[in-house]
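Novice: I have a structure here, written as structure tokens, and I will follow up with some questions on it.
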Amino acid sequence: LVAQRYTAPVKTPPAQSARFRTMKADVAGKKTRLAAHAPAAAESKASQDAAVAPPDDKEAQGKAANAEKMNAAEPGEFDKKAFIDAVNKAIDAQAPKNLDEADKFAKSGKADQVKAEVDGKVTDGRETSAKDIDTATKAPPDTAAAKDKDVTPLTPDAAPGNPGAPSATDAVPEKQPAAVTDFSEGPAENDQAMADAEVTEEQLAKGNEPEFDEALSAKKTSEADAAKAPAKGKAAQDQQLTTAKQNAAASGAQAMAGLTATRATAGKEVDGGKSDTKSKDEKKRAEVTAKLQKVYDGTKKDVEDTLSGLDKKVDSAFTSGEKAARDAFTADHKSRMKKYKDKRYSGLLGKGRWVKDKFAGLPKAANDLYQESRKLYVAKMQTVISSVA
């Protein structure tokens, strides 16, 4: 008898299997969809866009605008000519009307009245010079141009849903060709061999030889086995493929569920990170705003202190300088009047001349003396006002 023959199973490598390649592409696509997320730069910008400005943000913007105005403010120019005109006018107003007033001018207090007149001019000039700076410094925060920060609330991560398990059918091999489970070749070859030998089953059965009986029995057994084998092979194959598909379906579902859960967790972590970034941005904005407030308030105080201190310095410098000029004025006039009196009113005739001239109006010579002392006062006051203007 011919030994049983069969077709070898088809063992297609996975890389060459169209179904397996389809399954791999499906898995890759599902992983790509699950891994999709917004770019890091976009998430960072979203956190910044969601940050809320501090409550005093517009006030700080207004103070920053005021700081620019303070910086641009220039001191006004002191009108020296008007001041000197006022000095001359004040001196003219206090000029002695006769020799008696001229003689007593140094002690009359009229020079002090000159100071009172020019003090007002200095105060007016000082206020005019500091007006623009003082106005800019005292102005409330200019919030007209301040802008509210646009706030876009954070959007929670929208994690993709479970894309579903890949095709289990594509994950297992295809059924073997029918030839693999076809065992009819062996019995057919046995029949052909007996035909070639011109031997029939009937002859073997009637041969009454043990060897013939064994051969006939083996032939019948082979034919029976060949008839039953395809069904058994197919049943075994179907069972193996069914089990493999079930395992593939379970593994695929578990893997996709795991990937989906991992993506959801990652999304929550990203949301947490965005919230942290938003909080840090808000904190930084608050720090910057507080610093602006502090710098502005400090600068404002410094300017106010400077103006206040400058007022005191100007008052002190003017008072001191004016007193020195006034003292020089009265001393010079007193000295000139003494020399004038000693020359004109000395001797026996001088006393009579003094009594006659005393209330008779101011002689030109005495007025000239006053005018010379006046020039000294004006010159010194010009120096004083130049130093404090």
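Cβ coordinates come from backbone N, Cα and C, glycine included.
In TrEMBL, annotation is done automatically, which means it is predicted and not curated.
As listed in TrEMBL for this protein:
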- 1-77: region 'Disordered' (REGION)
- 35-53: compositional bias 'Low complexity' (COMPBIAS)
- 63-74: compositional bias 'Low complexity' (COMPBIAS)
- 104-135: compositional bias 'Basic and acidic residues' (COMPBIAS)
- 104-286: region 'Disordered' (REGION)
- 216-226: compositional bias 'Basic and acidic residues' (COMPBIAS)
- 227-261: compositional bias 'Low complexity' (COMPBIAS)
- 266-286: compositional bias 'Basic and acidic residues' (COMPBIAS)
Novice: Which listed stretch (35-53, 63-74, 216-226, 227-261, 266-286) has the most C-beta pairs under 8 A with the compositional bias 'Basic and acidic residues' (104-135)?
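Specialist: Between the stretches 35-53, 63-74, 216-226, 227-261, 266-286, 63-74 has the largest tally.
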Novice: In the compositional bias 'Basic and acidic residues' (266-286), how many residues does DSSP call helix, how many strand, and how many coil?
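Specialist: Counting residues per DSSP class in the compositional bias 'Basic and acidic residues' (266-286), I get 21 helix, 0 strand, 0 coil.
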Novice: Tally the residues of the compositional bias 'Low complexity' (63-74) by DSSP class, grouping H, G and I as helix, E and B as strand, and everything else as coil.
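Specialist: Grouping H, G, I as helix and E, B as strand yields 10 helix, 0 strand, 2 coil.
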